[in-house]
Each structure stands twice: as C-alpha cells, then as structure tokens.
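Record features (TrEMBL):
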ACT_SITE  188  active site
BINDING   54, 187, 191, 197, 205  Zn(2+) 2 binding site
BINDING   88, 169  Ca(2+) 1 binding site
BINDING   123  Ca(2+) 2 binding site
BINDING   133, 154, 164  Zn(2+) 1 binding site
BINDING   146, 147, 149, 166, 169  Ca(2+) 3 binding site
DOMAIN    70-232  domain 'Peptidase metallopeptidase'
MOTIF     52-59  motif 'Cysteine switch'
C-alpha cells in the first residue's frame, strides 16, 4: 500500500528515472509533510498516509518541491464557473460556499469570478461523484475516488477547469462535524487556478485536510503563490492568516495492531 501511495502522489514516478528508492521516497514524503525525515515507515507515517487529503500529487513532474509551487495559469483574469450540485447540502448553501471559496482567491489577486448559465460555457466546472465517477465534460474521470475519507476531492490545473468532489464524503457547512466543504473548495480551487501543494502546514494548499476552522483565511504562503501567477488586486488587501484551531492532522493511529508490513 505504501508503494501505491508514493506512486500516486509522485514521490515515486515511472516517468522519472532514478527515483525508485523507497526509503528516499518515504523520506521526501516525511520532509514535505512535516514528519521527522527518517525514511522509515513508522506508525506516524502510515497514519498520515491514511489521513483525509486532496487527491492531487504533492511533487511536480520535475521532481522538485518548492516553498510554494505553481503549475500553469489561465490566460485571462475574468473566469466563469458552473456548479453541478451534490446531495449533502442545499443548493443555495453550496452556491454560497463555492462563491465564498472563489472570493478568497479573488480578494488577493487580479482575478474575478461569475456564474455561467451552462456548463459548456464555464471555465471552472464543479461537480460531485463517487468511486468511478464522471464530470460535466466527461463520461468517466481517469482518477476514481475511494469512498468515505481518504481522497476528498481533486481538481485539474489550467486550463482544464474540472473540480470533482467525492460524493461519498459527508460535506458540511459551519460545523466541525463531517468534512467542511469550504475548506476543501478553497483548496481545490487553488489547484484550478494553477497552485500546487504547499509544505507549509498552516497553508490552505497543504495537502491534508486540517478540519473545520471558524475564521478560515489564506496564509501568506497561499497569497504569494496566487500573486506569483496573477498579481495582486491592487486594493491593498490585509494580510490573511489561517487561524488553525485544530492544528495539523492527527498523526497517531487508534489501531495499535496495525502492521507495518501491510504497507509495503
């Protein structure tokens, strides 16, 4: 299972020669996520591999990890979006949450967002699906979901525009119960705009779900990333900080009988 995980998130990749040392891949994963970089598959490492997170890779195709990484960008700054609603929350709640999530990025950049009346006219296509799922512009996504927990969502870099949320999750709004849709949406839209994962634990673009935050905001790391692509909004926005009341993901495991060999 560990090998599959390391391949999925590009710590090991068949497209790069010389990157198949498992211990080195584990060490890179540990260093990126803030664990002691021992190269050993210990309980804390296994627990983090099992924790809820984004389905996008942590390491870019070039195999390097930067302080904040950007991928590609949209060639325009006025973007449209379309929502195919999920089942957990009312449509009006989802509309409000997605609009708020996009506003986080608009407030600190030169971007603006507006609703499209049809999916085919939208730059960003937001939808929900489970397991082997489809999307608004496809019959089947190449990256299936894995049921409750695990992968929460994934989004594709510009100018693809697809953002898929796992329907098997219990998405919620304004509560610590379930999975907070706002947090996941802000993170995934960061990918939709061209931002890769960050190793900064407090950053919204850190790959792991860190739980509901009542006063969620972007960190300077997130702001630096989006502004490196699109510039600032010129309005003198205040510095946003993510007040992490829940801290980093729980790195302990409740299963004391978990066998390390099951992950090799």
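Yeah, the Cβs are placed from backbone N, Cα and C, and that goes for glycine too.
Heads up, TrEMBL stuff is auto-annotated, nobody curated it.
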Cα-to-Cα gap, residue 169 (Ca(2+) 1 binding site) vs residue 149 (Ca(2+) 3 binding site), nearest whole Å: 7
Within the same chain, the residues 6 or more beyond the ends of the motif 'Cysteine switch' (52-59) and with Cβ under 8 Å of it are 8-11, 13, 28-29, 32-33, 65, 143, 145, 149-155, 179, 184, 187-188, 191, 196-197, 207-209, 249
Where DSSP helix means H, G or I and strand means E or B, what are the helix, strand and coil counts for the motif 'Cysteine switch' (52-59)? 0 helix, 1 strand, 7 coil
Mean pLDDT across the motif 'Cysteine switch' (52-59), rounded to an integer, is what? 94
I'd like to know which of the binding-site residues 88, 146, 149, 191, 197 sit within 10 A of residue 164 (Zn(2+) 1 binding site) at the Cα level. none
Which of these binding-site residues is closest to the residue listed as 'active site' if you go by CA atoms: 123, 146, 147, 154, 205? 154
Please report the DSSP secondary structure of residue 166 (Ca(2+) 3 binding site), reduced to three states. strand
Near residue 166 (Ca(2+) 3 binding site), which binding-site residues out of 133, 154, 187, 205 have their CA within 10 Å? 133, 154
So how many other Cβ atoms are close to residue 154 (Zn(2+) 1 binding site), meaning within 10 Å of its Cβ? 19
Fewest-neighbour residue among binding-site residues, criterion Cβ within 10 Å, set 133, 191, 197: 133
Filtered by Cβ under 8 Å and at least 6 apart in sequence, the residues in the chain of residue 149 (Ca(2+) 3 binding site) near it are 52, 169
Not counting 133, 154, 164, residues with a CB within 8 A of the CB centroid of the Zn(2+) 1 site are 55, 127, 129, 135, 141, 143, 145, 153, 162, 163, 165, 166
Cα-nearest neighbour of residue 205 (Zn(2+) 2 binding site) within the listed binding-site residues, 88, 123, 133: 123
Binding-site residues clustered about residue 191 (Zn(2+) 2 binding site) [Cα within 10 Å; pool: 88, 123, 133, 146, 147, 154]: 154
